[in-house]
Amino acid sequence: MSKPRPISGFPEWLPPQRMIEQRFLDKIKSVFEVYGYAPLETRAVEPLDQLLRKGETSKEVYVLRRLQEDSSASSPDDSLGLHFDLTVPFARYVLENSGKLNFPFRRYQIQKVWRGERPQEGRYREFVQCDIDVVDRDTLPAHYEAEMPLVIGDALGALPIPPVTIQVNNRKVCEGYYRGLGLGDPEAALRAVDKLDKIGPGRVATLLTETAGATDAQAKAVLALAEISSTDASFADSVRALGVSDPLLDEGLAELVQVVETAAAYAPGLCVADLKIARGLDYYTGTVYETQLAGFERFGSICSGGRYDNLATSGNERFPGVGISIGLTRVLGLLFGADKLAISREVPTCVLVALSDEEHRRAADDIAAALRRRGIPTEVSPTAAKYGKQIRYAERRGIPFVWFPGDPDSIKDIRSGDQAEADPATWSPPAADLHPTIN
RNA sequence: GUGGCUGUAGCUCAGCUGGUAGAGCACCGGGUUGUGGUCCCGGUGGCCGCGGGUUCGAAUCCCGUCAGUCACCCCA
């Protein structure tokens, strides 16, 4: 049997990294809850036709089947696929449970998702998304679109990561503008504009004429819009100065102004209106969000979302929503890769109780139990090796304290070498040492 | 899914035009007979990603495959 090997795109962290991930998850969850989002988890699979209902994502969906399946029995329609995001399953869940939910419904959902795409740094086939959404019945007030960045700003701002910038745009602005321009294929135009940073205005203009059926003048006008960006409401004036008019454009501008002004009021510097942001997913109908992590811009957005008006609809029931999702695995993968995240020890243990000989293991266990009762993470030395080796056992793992049973007991801080008498019923470590700390 | 680059010890890397492997760090042991980290001495450890092929002989050449990475696609 040869040595097991990793599976491409399915990352597995070491314990220190997992501890960091768990801290992040705890923090994100608490911020989501402080905004009143309710926890939710949906199953990992959805019927394939549900997953493929929107967009051409078919080839990236992992299909589930039993090893001993009668291939003739199941049609493609009722086979199951692993969800590739949390928005589509959530829309399904809302429709299924609409009678039991109170609207507007605010929920957060932190789960793994799967996409069968070619992995590379910061891009995985299995990764964790931390998602918030608000849906309402029939109509969804636009102020929720302004709330999303605030939640994310608080959540990401509370983590020990580089600063982030949330870029916002509104599909109505682009579509209204394109319509006012008389452009043939708005979808294709959006896709072309989305590449502006990567391939530059010249090649975007070419793409626009080739794929979106734009004239040279239209391409120029589309680029003029895409190049507008501001951290305050002034982008709206810049757009109006382009002289294109359309009711949808005005509606979009008003909504985008509200998002940017709200952000500027509560989280200065967090948001920037950036009219080239398009987002690939075609179910977005209003505000769209992307997020850049300072220093890691080339790896793409770490947190994206938008407003969708038609995702959760069934018959004449309609649940428009807005949501945004943190790509936690990407954030971690990038920061781990750049050595920007470290934790003070590789185990939770704060105290190692040394063992003089196996006859005294019971006494050492008693000490450990007393410390644990007071919430101090403690383990007893695995063997009664020489004390030097026991200290080294702690040192290798970053455990800060070694407890020496005796008469009296003593506790040694192996970083400073300080050693003092201690009583397991009363001794406590400095608060900063009780649990591993990040960075 | 398409294409490019890379793959030698736990880590970072040597190994000329093919002659069955080396360094530093890490790890283990001893010096230091039960309180580590320095220093000295010694040692373990690699089917050279994996599988085929060419060859008397392959880490080295060829093909495939897996993994990492980059570009495209798309996206967290």
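Note that Cβ sites are derived from N, Cα and C of the backbone, with glycine treated the same way.
Unlike curated entries, TrEMBL annotations are predicted automatically.
The L-histidine binding site feature in TrEMBL is assigned to A:Asp85, A:Leu86, A:Thr87, A:Arg115, A:Gln129, A:Asp133, A:Arg279, A:Tyr283, A:Tyr284. Listed in sequence order, A:Asp85, A:Leu86, A:Gln109, A:Ile110, A:Gln111, A:Lys112, A:Val113, A:Ser325, A:Ile326, A:Gly327, A:Leu328 are the same-chain residues at least 6 apart in sequence whose CB falls under 8 Å from the CB of A:Gln129 (L-histidine binding site).
Within the model, the domain 'Aminoacyl-transfer RNA synthetases class-II family profile' (A:104-348) shows a mean pLDDT value of 93, rounded to a whole number. Summarising the annotation, TrEMBL assigns domain 'Aminoacyl-transfer RNA synthetases class-II family profile' to A:104-348.
Feature annotation from TrEMBL assigns region 'Disordered' to A:413-439.
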Surrounding CB atoms that lie within 10 Å of the CB of A:Thr87 (L-histidine binding site), all protein chains: 27
Cβ-Cβ distance under 8 Å to A:Tyr284 (L-histidine binding site), same chain, at least six residues away: A:Arg171, A:Gly306, A:Arg307, A:Tyr308
